[in-house]
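K.L.:
Feature annotation from TrEMBL assigns domain 'PurM-like N-terminal' to A:38-148. The Mg(2+) 4 binding site annotation in TrEMBL covers A:Asp40, A:Thr53, A:Asp84. Summarising the annotation, TrEMBL assigns Mg(2+) 3 binding site to A:Asp40, A:Asp84, A:Asp219. The annotation Mg(2+) 1 binding site is assigned in TrEMBL to A:Thr54, A:Asp55, A:Asp132. Annotation source TrEMBL lists Mg(2+) 2 binding site at A:Asp55, A:Asp84. What TrEMBL lists as substrate binding site is A:His62, A:Glu277, A:Trp321. Among the features that TrEMBL reports, ATP binding site is placed at A:Gly131, A:Asp132, A:Ser221. Under the heading domain 'PurM-like C-terminal', TrEMBL lists A:163-253. Summarising the annotation, TrEMBL assigns Mg(2+) 5 binding site to A:Asp222. Here TrEMBL flags A:304-328 as region 'Disordered'.
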Number of protein chains: 2
Amino acid sequence: MSPAPERPATVAEVGEAGVLAVLSGPGDAYTGDPVGNGDDAAVLGPAAATVVTTDMLVEGTHFRLDLTTWRDIGRRAVAQNVSDVLAMGADCSRVLVALAVPGETTMEQIRELAAGIHGEAARSGAVVVGGDLTSAHLVVVSVTAIGTLPEGARPLRIDGAAPGDRVALTGEPGRSAAGLALLLAGHADGPLQQAHRVPVPPIGSGRAARLAGATSLTDVSDGLMRDLSGMARASGVAADLVVDALPVDPRLGEAAAILGRPDPGAQVMDWILDGGEDHGLLGTFPTDSDVPAGFTVIGTIRDGDPGEVSLDGHPRTPGGWDSARGAN
Amino acid sequence: MSPAPERPATVAEVGEAGVLAVLSGPGDAYTGDPVGNGDDAAVLGPAAATVVTTDMLVEGTHFRLDLTTWRDIGRRAVAQNVSDVLAMGADCSRVLVALAVPGETTMEQIRELAAGIHGEAARSGAVVVGGDLTSAHLVVVSVTAIGTLPEGARPLRIDGAAPGDRVALTGEPGRSAAGLALLLAGHADGPLQQAHRVPVPPIGSGRAARLAGATSLTDVSDGLMRDLSGMARASGVAADLVVDALPVDPRLGEAAAILGRPDPGAQVMDWILDGGEDHGLLGTFPTDSDVPAGFTVIGTIRDGDPGEVSLDGHPRTPGGWDSARGAN
C-alpha cells in the first residue's frame, strides 16, 4: 500500500503570520523605503507627488474560481490598479493588498495568488509593501496601487480634452468582453479568454502620454464609449470616433462566429465600443503633438454637448458597465 | 387613505456615479492636492515620507448588520486604519475606500455609511480622496489610510524596544472584547458594546509618542499580550507586565457579572490581556523620557527569550486573535 498523499495545509491551519509571509513575498525587494513590510503600516520615502488608487475584486462578481486560476486573480487585481496609476501619467512603484479568503483555502492557492500579485507588480516595476488578511466565506482581493510623479510633472486628469485634440487608444478594445462571452459559453482556453482573466496594462504608456503633452488620459475599464463620454463630459466637449480607425483584433470576428451570433459584425462592434475591462489607455493629444508609439488615433475632440460621442458623425448612446447596476 | 410611503432608492437603481457621489462626500474638503476625487487616481502633494496601510471589514467576519449600524461600519473601517497610521508616529491625512454592497442596498444606508466614513476621517484630520464601488452578495469595506511624516521624522517601528524601556498603553484594554460578549448575549446597548462597534483611536498620541522619543509603537488589534509579544519578538527582547498597573475599566467587572461568568476576575483579566480590536497604542519609552499624557506605564522591557511576556514575573502564553485561524 502506498502512503496516502499528504493533505495540503490550509490557511486556517497555518495562521495569519504564515500566510502574510507568503503574501509579502521575497524579502530582497528592497525599495529604500524607511519601513517596508511587517509593521503597522509602510513608510515610503520622499515624493514630489504621490498617485494613489484602490480597487476590489470580489468572487462571484468579478471572477469565478472555476473559470480562472489563483495566480490570474492576483495578476488581475494588481493590473487593474496599475492601470489607474498609468492613467494619471505615472508609473506604479508600490502595491498594498488586503485579502479575504475562506479558512479552508490551501497554502498552495495562497502561493499561487502571491505569485500572481508579485509577478504583476514586478512587471510594472512595483513592489508589495503591505498586506492585510481576514477570513470570509468568499474571496475578496482589494489592492491599493501607488505611484509617483517627478517634480513639476503634470498629472493627466480626465477633464483636459480640448476641441481639435486627437483621441488615441492603446491596444485593441473588446478583447476582454469577447473572452468573457467565450468563457461563459464553455470555451475555456484562448488568447481572448486570457485577456479577460488578466488585462495587460501598457506599462510606460502613461508616462509616454504625459511626456508627449496629452491633455487627458484615462483607462478603459467600463467600455470605450462610456469612458470616452465620461472624459468628454468632464472636459465640457464632445468627441467623434472614426469607425475605420478603430483597431480590431481579428479574433473578435472568429469569436462571434464560434458563438453563432446572427450578426457577427454588429457583435464585434458592440464588444469594441461597449466591452469593459480591457484597461487600455485612452488619451487626447493636441494636434501639434506626436502621439506616442503604442497609441492608435481613433477620432477627434470637438465642440458639442458635453459627453456626446458620435460614430462617423452619428451620435451613439454608450452601453458598457455600471458597477452598481451591472450591464446597461 | 394616506399615500403609500415611498420605497427607498437602491444602489442598483441609482447607479455607480450616484453612489460614488455620496461616498465622495462634500466637495469643499479641499486638500491642496493636485488631483482629489473623481479621476482614475488621486494625486497627493509633496511629502517627506508617506505612511500607508490597508485593512478590510467583511460582513459576517467583522460585523453583523443586525448588531451594528451602517454609520458605525463606516466609522470602524476608517478608525482601524487610522490607528495603524498613528502607530507609525504619524497623523492620518487621507483615506481611500473600496466598497462592495448588494444591489438592493438603499441609498439611505449608503448615506449613513458615508457619514460614518467622513465623520471618522474628519475626527482624524483626514479627507476622503478616492473610492471604488462594486456589487457583491455581502458588504465589504476596504480602507486605505495615508499619513505623512515631517522631514527628518523617524517612523516608529515595532522592532526598536530595548531592555530597560518602559511599556505604556493608551486607553483601557478589553473593552471591545467585553462589548462583543455582551452583544452576542443579546445586550444591544452600552458603552462597551459601542467600543466594540467603533474603536476610538487616540488621535495625536502617535505623534506625541514619537516626539517623546518612543523606541517602538504599535496598535493593539489582536490582543495586548499578542501584540506586545510580537513587538518584543521583533525587537529581540522580552517584556514584563505588572498586573496592578493595568488600567481597568470597571465596566468589565460588571459585564462579567451580567454574563454570569463563574470567575468574573479571571474573565476580566482574559479580556484585558487577550481581547482584540481596542486599537489603543502600545509603546516602549526609554527610562529617561517623559511618557506622554494619555499613556499608562504597565511594565518594562528586559533581556530574555525574544517575544516572551511575563505577568508579575510569570511567563504567560498569549491568546488573542489570529485573522486566519480565529480565536486561539
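Cβ atoms are placed via backbone N, Cα and C, with glycine included.
Give me the structural setting of these features: burial, nearby parts and distances.
P.N.:
Over the domain 'PurM-like N-terminal' (A:38-148), the average per-residue pLDDT in this prediction is 92.
Around A:Thr53 (Mg(2+) 4 binding site), the same-chain residues at least 6 positions away in sequence with a Cβ under 8 Å from its Cβ are A:Asn81, A:Asp84, A:Val85, A:Thr144, A:Ala145.
DSSP assigns A:Asp40 (Mg(2+) 4 binding site) to coil in the three-state reduction, outside any helix or strand. Non-local contacts of A:Asp40 (Mg(2+) 4 binding site) by the CB criterion (under 8 A, 6+ apart in sequence, same chain) are absent.
Its own atom aside, the Cβ of A:Asp132 (Mg(2+) 1 binding site) has 24 Cβ atoms within 10 angstroms in the protein chains shown.
Annotation note: A:Asp84 (Mg(2+) 4 binding site) sits in a helical segment as assigned by DSSP.
Neighbours of A:Glu277 (substrate binding site), defined as other CB atoms within 10 A of its CB across all chains, total 21.
A 10 Å cutoff on Cβ-Cβ distances gives A:Ser221 (ATP binding site) a total of 23 other Cβ atoms nearby, all chains included.
In the three-state DSSP assignment, the secondary structure recorded for A:Asp222 (Mg(2+) 5 binding site) is coil. All protein chains shown were included, and the count of other CB atoms within 10 Å of the CB of A:Asp222 (Mg(2+) 5 binding site) stands at 23.
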K.L.:
Long-range same-chain neighbours of A:Asp55 (Mg(2+) 1 binding site), Cβ under 8 Å, sequence gap at least 6?
P.N.:
A:Ala77, A:Gln80, A:Asn81, A:Asp84, A:Ser142, A:Val143
K.L.:
Among the binding-site residues listed here, A:Thr54, A:Asp84, whose Cβ has the fewest other Cβ atoms inside 10 Å?
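P.N.:
Checked A:Thr54, A:Asp84; of these binding-site residues, fewest Cβ neighbours within 10 Å: A:Thr54.
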K.L.:
Can you grab the distance from A:Asp132 (Mg(2+) 1 binding site) over to A:Ser221 (ATP binding site)? Cα atoms, rounded to a whole Å.
P.N.:
26
K.L.:
In Å, rounded, how far does the Cα of A:Thr54 (Mg(2+) 1 binding site) sit from the Cα of A:Ser221 (ATP binding site)?
P.N.:
14
K.L.:
Cβ under 8 Å from chain B: which of the binding-site residues A:Thr53, A:Ser221, A:Glu277 qualify?
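P.N.:
The answer, in sequence order, is A:Thr53.
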K.L.:
Looking at Cβ-Cβ distances, which residues of the chain lie under 8 angstroms from A:Asp219 (Mg(2+) 3 binding site) while being 6 or more apart from it?
P.N.:
A:Ser83, A:Asp84, A:Leu86, A:Ala87, A:Pro201, A:Asp227, A:His279, A:Gly280, A:Leu281, A:Leu282
